[in-house]
């Protein structure tokens with residue numbers, strides 16, 4: 001048992017009564033991907049734990065992030081006059097991204113196939129998905145980079161928040177209605193981006209320099225697609241608000257996180273978003289995942305969402321220290337805070353998994369029952 005009980009006894013009792021309820025109306029998912037996943041799952045051994053499949057898929061996205069960080073840490077490699085990312089990296093990125101997407105679709109089918117479905121599996125899946133947002137967005141950014149035909153790091157920061165809020169909207173709706181409406185944008189974006197990685201390997205990043213029509217660049221098309229998907233096919237499909245305060249309570253922490261991080265971006269003495277965009281995105285994405293996971297726990301256990309995530313309190317201090325210039329080295333402060341956020345989120349995840357594994361008498365990465 002963890003030193004701190006992240007899942008309360010009321011929440012554990014709520015997990016006992018939990019039943020998965022989701023609606024997937026995306027034609028791409030229904031007519032193409034689900035038949036493909038049903039085919040793939042038949043080749044998996046029945047001893048393979050669904051959570052291990054989920055974690056492996058997530059690690060493919062982390063591997064993509066680390067691989068592109070090695071070749072394009074500051075997002076300048078795709079700009080004209082810079083040494084470009086090797087073609088084989090884009091091939092690997094396309095394959096890894098599609099493998100991650102496939103494993104994310106197969107894990108639930110493996111759970112039903114082996115009769116091992118548990119609330120822990122859904123929490124594990126959606127919790128890792130919330131963290132995967134940052135790895136996915138930051139890796140895609142390297143296709144266009146920061147050059148003249150690319151996207152500014154501040155612009156990408158706000159695009160990242162569009163993606164993050166579109167993710168949490170589905171879980172916010174489930175918190176209020178009990179039904180998870182799976183967003184269309186996820187399947188469309190995963191297939192599209194996997195193909196774009198492979199196309200980039202063949203035609204080179206120089207292809208994306210050219211305008212599609214007049215002065216409309218490919219980067220403008222991708223920006224439009226992300227925003228359009230987020231505000232159309234990804235927005236919640238129903239709104240049932242029994243109380244405005246209770247309904248919007250889960251948004252308090254994400255909004256405060258957005259406000260704090262944006263204050264840091266706007267008032268940074270050293271323009272930290274230009275100096276260390278990758279690390280700043282990682283910090284924001286990880287903090288967001290931590291906030292979202294707590295919402296998912298409340299949503300699945302049918303308990304009231306906390307108004308404020310404790311992680312935001314030290315972040316308030318960090319942001320004040322940064323923008324007032326008290327910190328002599330703002331980059332070092334960002335690195336230290338990012339490390340603290342990552343460690344806090346990993347500790348939270350491990351603690352929750354340990355508590356639920358103990359409660360349900362199961363192992364997280366094995367189909368054997370826990371003998372304790």
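Note that Cβ sites are derived from N, Cα and C of the backbone, with glycine treated the same way.
What TrEMBL says about a protein is an automatic prediction, not a curated fact.
Positions annotated as transmembrane segment by TrEMBL: 52-73 (among others).
Long-range contacts of the transmembrane segment (85-103) within its own chain (CB-CB distance under 8 A, at least 6 residues past either end) are made by residues 36-37, 40, 53-54, 56-58, 60-61, 63-64, 67-68, 71-72, 77-78, 132, 136, 139, 142, 190-191, 193-198, 200-202, 204-205. Per TrEMBL, the feature transmembrane segment maps to 85-103 (among others).
Beyond the ends of the transmembrane segment (123-144), by six or more residues, the same chain brings 51, 54-55, 58, 61-62, 64-65, 68, 71-72, 75, 77-78, 85, 93, 97, 100, 104, 107-108, 150-151, 156, 159-160, 163-164, 167-168, 171, 193, 196-197, 200, 205, 208, 218-219, 222, 278, 281-282, 284-286, 288-289, 292-293, 296-297, 300, 345, 349, 352-353, 356, 364 to within a C-beta distance below 8 angstroms of the stretch. Marked as transmembrane segment by TrEMBL: 123-144 (among others).
According to TrEMBL, the feature transmembrane segment maps to 151-168 (among others). Distant neighbours of the transmembrane segment (151-168): 75, 129-130, 133-134, 136-137, 141, 144-145, 183, 185, 219, 223, 226-227, 229-231, 234-235, 250-251, 254, 258, 265, 273-274, 277, 280-281, 284-285, 288, 292, 295; these residues of the same chain sit at least 6 beyond its ends, with a Cβ under 8 Å from one of its Cβ atoms.
With a cut-off of 8 Å between Cβ atoms, the residues of this chain six or more beyond the transmembrane segment (188-209) that come close are 26, 28, 78, 80, 84-85, 87-91, 93-94, 97-98, 101, 136, 140, 143-145, 147-149, 217-219, 225-226, 229, 233. The transmembrane segment annotation in TrEMBL covers 188-209 (among others).
Per TrEMBL, the feature transmembrane segment maps to 221-242 (among others).
What TrEMBL lists as transmembrane segment is 248-267 (among others). When Cβ-Cβ distances below 8 Å are used as the criterion, the transmembrane segment (248-267) is approached by residues 154, 157, 161, 164-165, 168, 171-172, 175, 273, 280, 283-284, 287-288, 291-292, 294-295, 298, 304-309, 312, 315-316, 319, 322-323 of the same chain, each at least six residues removed from its ends.
According to TrEMBL, the feature transmembrane segment maps to 279-297 (among others).
Annotation source TrEMBL lists transmembrane segment at 309-327 (among others). Counting only same-chain residues 6+ beyond the ends of the transmembrane segment (309-327), those with a CB under 8 A from a CB of the stretch are 253, 256-257, 260-261, 263-264, 267-269, 272, 287, 290-291, 294, 333-334, 337, 340-341, 344.
Look at TrEMBL and you will find 332-350 (among others) tagged as transmembrane segment.
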